[in-house]
Amino acid sequence: MSAPTGTVRTARPVRPPRGGAGAPARRGARSVLWHLGALALLAVVLYPVVWVLGGSLKPGNEIVGSLELLPTDPITDNYERLADGIAGIGIETFFLNSLLVALGSVAGVLFSCSLAAYAFARIRFAGRNVLFTLMIGTLLLPVHVLLVPQYVLFQKMELINTYVPLLLGKFLAVDAFFVFLMVQFMRNLPRELDEAARIDGCGHWRIYWTIVLPLCRPALITSAIFSFIWAWNDFLGPLIYLNEPDKYTVSLGLKMFMDQDSLADYGGMIAMSVAALLPVLLFFLTFQRYLVEGAATSGLKG
Amino acid sequence: MMRTDTPAPAGAEGERAVESPHRPAPSAPAPRPASTARRRARRETLAGYLFLSPWCVGILLLTLGPMLVSLYLAFTDYNLFDSPRWVGLANFSEMFSDDRWWKSVRVTAVFVLIATPLKLAVALGVAMLLVRPRKGQGFYRSAFYAPSLIGASVSIGIVWRALFQDDAVVDRSLSLFGWDGGGWVGDPDWSMPTLIALSAWQFGAPMVIFLAGLKQVPRELYEAAEVDGAGAWRRFRSITLPMISPVLFFNLLLEIIHSFQIFTSALVIAGPGGGRAGGPGDSLLVYTWYLYEQGFSNLRMGYASAMAWMLLAGIAVVTAVLFWSQRRWVHYEEGGR
């Protein structure tokens, strides 16, 4: 770095004091500018979301062409038509299927990833470093390499068109991201806690269950929300493994909508898009702290 | 509780005994701690693998095993029903003369090369805007993060397609400035920019990571540089960039690997048609989509496996270059620069 520190020290007293004449005004102007910039950006970022919320309340033929964010004359027809279902299948089927897959994913991730994370963070065993490196390696492995062989595997096991292929990996800690996130969190818990428990005669299982897990609540909540949202949004997995419409998740239902009657019922498709987004947006509004913090910390300590 | 002055039997009882604080320490000579330590190490290893057992099954059954199978299938002709037929390097040589394969490579390369730097530049810019504590900072941070959660969904793909159609919001807004571009999604030259815009819209995830990194930069460095008369650009080049280079490296790595695997958004923006449709003029035929089409629509699973290994090779090369280059531009704290 170029700045010689000596000059800095001598220069500091000479510098005009911060609260000098004109400074508050300039700082005020800067603050206004900052807020204007942030608001402009906010408008760009939120526009598509607000647009689709408003659009779902407009007549189908007006949605694409209108620049107004909110309808002058809101209607709920689009949603009412959804109640009749798509291609003879009730709309609630897709949502229940998605809910099943998403909740199953959450359960699997919490169970298997916390066990693996405990082993990596708290137990010293032969081969730990090698396996940890392997786990980090899978973090970078593109899923597409595994698509074909996994499909062949599940096809041989006659599990196509069931939810097993979508859920099995979650119960076997395949999502290295969550293992990593929990390892980072567990490593920061004070070691004295489990040492004290060990002296009292606790085995690893009791330390895991009664001490570490309760203290990991923030990491568990973050993992639960992320795994729910990712499973809810997932498209590739259901696309490959589900082939009967009554098993479809919301993502696939939407795609079916898009392929079949996008021209016939544009309003319905937009309404269903909103319905598919709503659970995620609600989760976000409720748990945004956990999500943003989780995203920040898991990245930093890599 | 059992005592440990005799070699304790293995098993659950023994575990407690060794941990017991009531061990008669004074009478314990040198060899015993060594053997207890070894026994303890063995038990720890057993416990470690018990806790790790779901993960171990997962990595063998769903990762390493399938990788081996995939490697084998890459050299075969396989349609899922007849048994695989060994064809040597035929799949790979076919790829090099397959125009659509080359097209998908070009489409993906353009996407990775433009979308990743753009997204990271926006993310870093916004993070620098947000880093000074001001009122509303937390709110903006959360709001800007939201698109990263929903951006890759089918719903947002549909919204994007609607916004960028002919005579839709984007087209009409630009017409106000006298530029009638027509529908972006239907135009082979403009469908890729539409997809890139969707990627840039999801700048929130790397932004949050940048923000955490920027907060670690000591403010004194900036103050000192300011006193020395360094301008904003100079301060950015000489302080911000070196200080956050580990975070930048991490973001770059993650986002590049992520971009290589773009799938859902491209498929939805390309519009209805399912099966064999890569958007207008195959302009959105991303690599993973062509892989899906070959493997699951055409049931050419050998060819798709070979394609998957080429993708892995491509990602591995880029990752290796990135790791190799980090010596030159990534500054880590330790070692006292």
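The backbone N, Cα and C atoms fix where each Cβ goes, and this holds for glycine too.
Here is what TrEMBL says about this protein:
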| type | residues | note |
| --- | --- | --- |
| COMPBIAS | A:1-13 | compositional bias 'Low complexity' |
| DOMAIN | A:95-287 | domain 'ABC transmembrane type-1' |
| REGION | A:1-25 | region 'Disordered' |
| TRANSMEM | A:32-53 | transmembrane segment |
| TRANSMEM | A:94-118 | transmembrane segment |
| TRANSMEM | A:130-151 | transmembrane segment |
| TRANSMEM | A:163-186 | transmembrane segment |
| TRANSMEM | A:207-232 | transmembrane segment |
| TRANSMEM | A:266-287 | transmembrane segment |
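Most Cβ pairs under 8 Å with the transmembrane segment (A:207-232) belong to A:94-118, among the candidate stretches A:32-53, A:94-118, A:163-186, A:266-287. With a cut-off of 8 Å on Cβ pairs spaced 6 or more residues apart, the transmembrane segment (A:32-53) and the transmembrane segment (A:163-186) reach fewer than 3 such pairs and are scored as not touching. Distant neighbours of the transmembrane segment (A:163-186): 97, 100-101, 104-105, 107-109, 111-118, 120-122, 132, 135-136, 138-139, 150-151, 154, 212, 216, 218-220, 222-223, 226-227, 231, 234, 237-238, 240-241, 247, 294, 297-298, 301; these residues of the same chain sit at least 6 beyond its ends, with a Cβ under 8 Å from one of its Cβ atoms.
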